[in-house]
């Protein structure tokens, strides 16, 4: 078989691609069941044409209609368009439009992608031809048709709004625009001229309609283009084009199409705004200021000083689109006056109209967000600049700004996240925990942080530090309060510090570079947390205002900012969609009765049409004001409805919604957006809609408390929305890219932030070569005479010496720029002439330059990664956008609108309804003006609460704030009007249904004179328990002057009012007439709210609104646990939408200064007085509030009715004549203790018959009253009295204890509860008794009540069976003998629990493991016992240790000193003399001379005299003559005579004995076999150790050396076995994962795709080899180093001994001769050779895998090969090195007689040599090398055959492997051939005798695309392996194996 080519076949190949012919017969006719051609269906193209065996008739194919249409369309798109082939061009754009109008989302998303795909399609050519057409007049109609279809495609909502394809759409618009918009302007101008000409002449109504739709489409495309391409806005031809469009619109209007002209004129107005802004930017705003005149309106009587934002600091921009949202450091430090434009039209501004309005609200809103923050930061940075120690100060003065301080903060780690909430660049910051928290336990610390509500996600933080003497600052936002264990470990665990993750708020190259430097230098600074500032709630609004300013576009701008006029009110037309001829709003869905005739509202209907209003009142059920409001809301495109308290604003809104939804389809309204200020109001409104049957309602936001809306949340619905195929593919690709970016960024960040490493030439070589060539040339390795320097690089030597000297140099000032330039010039001449300071300065300069370059490269990578993340987010957000687009109603708060503005702007919605419009800031309201909105309805009441702002100086209530009025809503501003400008007509609802007349009168007489009480509010029941329904409790108790915490000083509280309120609520609850949720407490201050919650929480559950919870958290109040009963408590501001069923207590406060504070404005007073329905009670000082005019009126109204006083009049419902008055909290307990009066209750308790003992109380309290008298009931049947203390308790069971209770078994039991004696058979008997266990027959002792015959009984007797290990089974009889599920008896013994106890072979220890049933004990883990006088071994017993080579300490006066190393056998003779030294008792030492004198063994003192110490004559110690035979004391404590131990230990084995005298006379030769074991104590068998008894050291050390060697071998063999196991696992992993590693989608095969595939492969290979394979290789390399000869213990001792001897002998030759007599250890190099063999195996495995991987990649996508970066060396480079190593190793093995290792290495050599020739380089040099390796392999294999004849284990198996390898080498080799060779092969095999042309042989591709041929019949009959990749090829019985397919490219 030949190997022609290496290319695989993709799906775009011939026929059906991968699903090609497998040899089965198929019908080639046009049978009706013919399968469709997938290639043609998916691509619109098939190379086989009509000859294709599959059907191209997609119309008859029942499969997907969308994909069929796309296939047809793509077939057109694939063809190159002719210049004048208008029918084909028309067909293309009509086809695209048809797909976009269809329902197939997948197909829709491919339109933009296919149009933008230049590699496969001609989309851009079609666009270009359309835009360059210059038709003749006769072709105008067709030209317009083509252009209309093209423009409708380019503006189709499914095309431009899809976030998932926005990148492709943007690319197409960029192409459409051309350079600076030139291409687009020319095309638009030509089309506009044609339209004007045809419109003037044409009278055909159908054609006119098409012309008008083309004109609208033209303006839509132009607006979209200008939005996307900012350069086009400055095109000089744009003004002319806009004038032409204006002319066209006027022409349309004159002819009579008002709707079309209105649409076009509105867009022309928007275009003119864009043109005006572009012209201003070109000219420069400041250049036009001199010519700027204000609108012709009123001017200020006293104009303010004019301040211009003219770059007074780096963020002081004239154009707000250039302003950085977050304050810069320069801005914070600047003391220039902030430019804050006034909202008053008469005040000066350098802009006008829309631009002025947006600019003003942007700057004011930004100031409100950051104003106080900037002042705070400026003060802190100023104080730090003056006193740097302030960075360590945990207490700073923040004024009114709430902030937390964290000191010693550092940026410890940087990371890049691709998933989850920690996406993007994350900084992990650590700081000292607050002092009160540091010493707590971890759990207590975590609990403290949770309770404190600090460090919440999304909160703003500021980091301040000092660098080079200057104070710097940056903003962060918190991403996660908790970090994972790995991060905490990297940064260092410290319980005194807290670690959080944060993100930069502004990610520029400068700020990211600063962050990297902070992390690198571990700079310490001050971290500030601002819990009130959450950027996500306001930054999107500011960004949206900037975008609106860029486009100069603001819907309804003519109403929001009307021109100056003398007219009182604006005349606002109907919504644009309602102006179409014949359009009506039907009220059918809200009719009261089904039979009534429908009511219609026309676009021209008037809210003053009384006839229509009367009909609506009768049929719809709305009151007069609501009917007027409904007509106005439907017939005005910008409608305002004012709803005083209780007038049914929400009810009207729901009715309006139903009417609008009825016309949703007809008017193409899209979803209706409902915006509310609070979550409560939004939930309430949406719940009404859902309850009316509306299903497609979506709630955005996670703060909803409504269970009804849980399944309507966008988060929930989006989870069930499927993604399209395109989205799935894009998400997959984005995540793959992000993983690669994450790896690159992680690596770069590690280099940029890690501690500086050792500097080498490699770090500087590229930089010096590119930037300082003269310096680079000074460090060449080559000398002038041609010699090359070896060893360390010259630069490395120079820089290390420089740094060493610099480290000793005193600190020097930094070099100036001039000095640095001089140093560089000097260095260019001669680097070695630099001084130490100059060299160090230059190196630091180089390092700084390198860091800057690395940071710049990092930023580029980071930017690309962020772009990918944005694209990923867009694709994921597209799912949410689709869900929203499909909804009927979208509900969200103003904050939710800000957060989701980007998505909502892509939703086609024409109606926006704003509830609570009076509370919405104008900046938020402007953001709600979505691009497609045509109808805006604002429902609110400007007389109630205003928007909440932070800066008091921007408020209407402030003298300064009157210029800005930021807290004035758009609703209020436009309703009341501005000087010189007309007002928006506002309809007021006038009938209230909430308050009883006594309450409503208070606001009717002061604010709403036209307010009418509905009849349902009259004659309501009085408040139970109170004399009056409305009352003001006047008091003089002043508010608290001291606060508990510093942070709360702005808020106030009054303890007396809190107690009084608590008592009053308790009194009302006790009436039993009201639910706790029907009572609410309002207070103007959060301090009072917190106090109320703290006091009342013991009795009631305090329910707070979300606004109040945020306020409490913002002011630092901690959360409370939930108490018992529900009561609503709220600040007055938050209770805006909470009407109360019964009554309200309001704490109004009292202070000696009579300052009203919060409640001084009519808006807040109005809200306070209008919440209650039936009753209201105010508590406060009337003198304090009389200073406010409205309060003065209210107090007067109440006083006139006698409803003001210093005491409350209570009423007992059962004794109404009783007069009860309370003026103190304690009075309620005195005069109304149970909610009634002081009379005793006269009712009987129904449960027991006793009289009620309580005071007068309500029936509800009486029914639950618990009787407190003693219980008189008896238990049955025992008649014992009830044991409970009171009658009100349940009697329960009789618990009297009884003794002598006889059980049925006859046993007696005592202390039994009486109730248990009623059922004696249920009392278990615990008396022990013996019973026979059935089955086994054991007699066991069990409890009497235990039934041994029941199924679950288990015999407790011991099992006793002897296990395989020899020990008895520890289990029980019942535990070991069981039955399986089929009832069969089974025996399963427990594991043995005893210790193994077997002795290890290399030491004297026993195995301490749990018994392991005969398996190997492994290595000894006990501590090593080897010890000497110098030291002791600290290793484990099995570990080979280094022998002690200190000089031996054995010495005596008779025999002298031992001169050998401590661990070597001693070279002196043992002394037999008795020691002459004295022991502590004063007697002579009983031991030998030279041994340690033992204490406690004195014979003269009678110590241990009876112990037998002479094992020869068996004499006791007392009978021994110590002078003749002294004793030797062992380490175990036993002692013997020297004569006894000498014989038992074998002393004479190492010493020569004089035959005549019997005395030791010399040393024996130890060069032979070493000792087998260490001698032991005769009594206890404890080994004799050197450090105790030195007499036997020559003997012992000889055995110890042998033991060390054994350990070395055993330990090494064990590690080799572990490596072998790990290598097998690695091989298995590589084999199993190979197919996935090279996976490639060939359907996307392009040049770009190949490059991307190469990068993917690089990433895959890095992970593939960087984990297990190379880690294992490194471990083996380390092991190889550890087992070298020099590390072997005996080897170390041998050379240490030689060294000692050479020092003693004068003649080296003599020492060498004597050295030969020193005992050598056995040859242990087989471990070292085993390590090398293991390295060969691991390297071969990886190298072979690399060959296979690259071969497969080459077959799949050869173009990707150059971009694949291999982990480690490429196989073509690694293989020669490997083969060279093998060659050397085989030679060493042969020399050292290691045949088995030599044969194994030979087999691996042959394996890699063959792989090198198959897959290695194919150039001439590569082929020569391959042939050389092959020949060498053959030689080695032939030698290996001979080695296999030697007798060693496994020789036969190795011989079989050698023979197989030789056979393999004889087979044919495979190598890639050229295209010419392929052609020649094909020709040769097809023609000629026996060629394929003469028989049925065929070519095939394996699963990876490698081609092979099968001769004979051409069908597979046997299996083989592909030589290229190793996959299976061939087959059996004419059936190919899986994956093999015909290679058509070889047979065509």
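Even glycines carry a Cβ here, placed using N, Cα and C.
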Exercise for review: Give the range, chosen from 1617-1637, 1638-1658, 1659-1679, that TrEMBL lists as region 'Disordered'.
Suggested key: 1638-1658
Point to revise | Range annotated as zinc finger in TrEMBL, from 31-59, 60-88 | key: 31-59
Exercise for review: Look up region 'Disordered' in TrEMBL and report which of 1-37, 112-148 it refers to.
Suggested key: 1-37
Point to revise | Annotated region 'Disordered' segment (source TrEMBL; candidates 1072-1093, 1094-1115, 1116-1137, 1138-1159) | key: 1116-1137
Review point. Quick one: DSSP breakdown of the region 'Disordered' (1638-1658) into helix, strand and coil?
Key: 15 helix, 0 strand, 6 coil
Check your understanding: Do you know the mean pLDDT across the domain 'C3H1-type' (31-59)?
Key -> 56
